Amino acid sequence: MKIVLEEIAMATDKEVLIKEFLKALHEDNAAIFAGAGLSAASGFVNWKGLLKEAADELELDIEKETDLISLAQYFFNKNGRQRLSQLVIDNFSAEAQLNENHRILAQLPIDTYWTTNYDRLIEKSLTDVGKNPDVKIKQSDFALLKPKRDAIVYKMHGDIERASETVLIKDEYEMFHENNQLFSIGLKGDLISKTFLFIGYSFEDPDLEYILSRIRVLMGQDGRNHYCFFRKVNRNQYNHLPKEEGDEKFRYDSIKQELKCADLERYHIKPVLVDKYEDITEILQTILQRYCRSKILISGSAVEYKQFVPDHNTAQMFIHTLSREMVKAGFKIASGFGLGVGSAVINGSLDYVYSTNKRKISDYLILRPFPQYATNGLELMDLWDQYRRDFISDVGCAVFIFGNKEVNGKVVDAGGVRKEFDIAVAQGIKVIPVGATGYMSKTLWEETITNYDKYYSDFPALKADFEFIGDASHNHHEIITRIIKIITALRAGR
């Protein structure tokens, strides 16, 4: 029973983290604090790995040492700074590959990163997705603003390229708040105003503990909640020990972990326990997936609407109302400005925006009209294909309506809508063809409903709603209601 209750509690903690961090992302106040664990999957060492050679030389057992800052100080006392700096260079100069956690974080709209890591993987992950990071390594960097920056990366303990200036020994930790006041002030401000997710961080650094304690004194019970990951102590970790010794070590470490988690709550840091480190990637992937599913592509084109309604105005009002209700429900709409569809999408979206006191249209609508002539030696069809793949990759769901065009005086199904459906499926984006609107969307709906488990094995409860939106005889407002129900369930992950 205790194990079952623990599993329920862990699942609840994960869901709360996902919900709250998504909220922070949508409000543009999410931040990351990265420790050595974030880079471990890329092959870089943690603190113990960094100081193992130093411990061996001091005739100490690195596995028995818990105060690694003092260990670094002992090595410095005996050998000077150059040897320590060389250890940093030897362990962090290798060209490492980004891991999945880096890639996921870089795709999220996070503009603030704090890290104690010396490597440059965070910066690389951001540049790889076309973002422009502004990196702060020393105090003088605060006075310099990188033009058109997308994110700030605060490297409070230094950088591999300045190994001799990294924060590593007890002397440097003790003087951190004197020598790095701008980092301390900046971190305090962000911890008060943003929601942090701590990844790969052990909370052993005295400089962060000092900052957290100051915030606790200043804010009391009004502090903002933050979240961190810990791997839950597992009995299997001690199977290499004799049974009695393993049992005792497991019991001791479990108690210590519980106490540490409870202590972090004093600073409004909510620990989320995972069974294995891969679970962190799964949680981050869920956050990315749900965030993207708040952005909806409306794909479609039309020169006529007869398979759905007899007249143009009724069809335009359907598209208008659908777009308006999507924006009202908190979704951001992306449109390629398809013929006969795009204008109504814009009007419906603006109808809601202008009915409120919100005026930042870019928060609700992404317009990506297709290029009309070829450039850079590409054929126009190839350029369109590349363009489609680019803007579809930025959404999490795609709604397909109508889908026809005129060729040689005849109305035929639109191949472009078919292509966008195939691209979306290939990219793992959830597809919602509204079969009731006819034409290519009807064909795509038939494929989806016939192979429902292929597309929606994780959402069996939505099948009746998908069946409903394929029938043109239903009330148009009810069809829209069902579409909103589907995309809302997809965004929530259930």
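Each Cβ is built from the backbone N, Cα and C atoms, and glycine gets one as well.
Record check, Swiss-Prot: 3'cADPR site residues include Gly300, Ser301, Leu339, Phe370, Lys405, Gly416, Glu420, and the candidate from Arg251, Arg266, Arg388 also listed there is Arg388.
Reduced to three states, the DSSP call for Lys405 (3'cADPR binding site) is strand. Within the same chain, the residues at least 6 positions away from Gly416 (3'cADPR binding site) whose Cβ sits under 8 Å from its Cβ are Ser301, Gly338, Trp384, Arg388, Lys405, listed in sequence order. Sequence-distant neighbours of Asp119 (NAD(+) binding site) (same chain, 6+ residues apart, CB-CB distance under 8 A): Ser39, Ser42, Phe44, Phe92, Ala96, Ile160.
Using a 10 Å radius centred on the Cβ of Glu420 (3'cADPR binding site) and all shown protein chains, the other Cβ atoms total 27. Spatially close to His157 (active site, proton acceptor) yet at least six residues away along the chain are Thr115, Thr116, Asn117, Tyr118, Thr166, Val167, Leu168, judged by Cβ distances under 8 angstroms. A distance of 38 Å separates the Cα atom of Leu339 (3'cADPR binding site) from that of Ala30 (NAD(+) binding site). Within the same chain, residues at least 6 positions away in sequence whose Cβ sits under 8 Å from that of Phe370 (3'cADPR binding site) are Gly336, Phe337, Trp384, Tyr387.
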